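Inspection log for the structure reproduced underneath, given as structure tokens.
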């Protein structure tokens, strides 16, 4: 019998007293500097009592015993007693709080809260409310569905069908609390040779997304295989016309072809000098 | 003349060679241990050349001169030369890579990539494709719109209107690449006293969300003020019936009342033992 593929992988634990999303983002970012295929992630969120800390430590020690290598442990544990308990396990510990809170306390001349669940109050805050509002707004104004609220939009994304408008709008709303509408540019707009009627009055909020025709054809073919809509010829026509329109109307734009949603969203914020509320 | 309110705030710079989202998540998490109202955030993403590094350093120094206090600088700069250039400014530097990559190199016995843009390749990867697929799936299966794809869902959220199903579904898709459908429980379901017909066959994928009736009435009143739909009486009736149905059908559920989207999503992943692909 051969060893399973996972045998050579180093186990990475994500340990947090909350959701672990910060710890995981942090782990992904740091580990992206190494060969990602060689890690196996295990999330342990909501470690908020000494009992759970003991169980987490036991699980880390089990991985150590089974694999003969110290697991890597990324953690964001605020409570010092819980943190100390988990650290009794055999692992390489990389902890945001233990590492960075002390120098900040010194710099600011104040003590930190050291209170578990401090960040949980986010659910009650104004910022949180803005994010939910922005998500609802972006959903209601997806794909040109609703014109009535466009005056409240922070940004209106325009571009041909399947160029990435919807995921970008939702990401802007969810991550930054930005009210992002989106509006498709369709063949009728190109034939008429003008922006869709309701958009002209919001020119300063418009931001264009474009994409390589070859990539667009791939994406459209997944949705409607072998259709005219997905043909390379149609994609080339629409992309060229959309770019011509954006250039003529003075709409800033970027190509989504090789960018992640996060990169597209961050670039838009920067270009429009939106700060984001969340 | 009195000083503006911002005069006493400490400036926090978020500096990254990429989107800065990791650095910002990291900053928010660490600063949540202090009084958040006393910080002013400035994002500086895409600092990927020595010229941009020099401009960033100048901006940090200007804040130091204007405010007479060292700014706090959270950074995720991979390239050592860019990192060194930014660090010439007067600030308290808290850097993920400089701090954590070296101990990891030692532990793993390999050198890190040290290549800017390494994480950008995310846009081409299988994981990224899964996330976009999951977002499209969650949008198409929002609010019980489409029944045809439910067999492909990783999870189907159920609950009364406005209890938080949509933002949770989108977050599960966007953050974790989980295909999350959602389906409303409406008064007709309670009168018939059974799950909506199309859901019964997917019982093992169902997860319920509930909410305090008082909070639900507030949320619904923002949408349709003074309607029967938003009345406390109606909210109490629907929530009680939905909880009764979930209990009877053996559907796991949680209350969203005091939880953030992140906490709800993470708890669902944990309860359903979904690992998430992204």
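Just so it is clear, glycine is given a Cβ too, placed from its N, Cα and C backbone atoms.
The ADP binding site feature in TrEMBL is assigned to A:159, A:160, A:161, A:162, A:163, A:164, A:165, A:166.
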Site with most surrounding Cβ atoms, counting all protein chains shown within 10 Å, from the binding-site residues A:161, A:166:
A:166
Once near-sequence residues are set aside, which residues in the chain of residue A:164 (ADP binding site), 6 or more away, have Cβ atoms under 8 Å from its Cβ?
A:209, A:211, A:256, A:261, A:264
Sequence order please: the binding-site residues A:160, A:161, A:162, A:166 that have their Cβ under 8 Å from a chain B Cβ, otherwise just none.
A:166
Would you list the other residues of this chain near ADP - those whose C-beta lies within 8 angstroms of the C-beta centroid of A:159, A:160, A:161, A:162, A:163, A:164, A:165, A:166 - in sequence order?
A:182, A:184, A:209, A:211, A:256
For the binding-site residues listed here (A:162, A:165), which one has the lowest count of neighbouring CB atoms within 10 Å of its own CB?
A:162
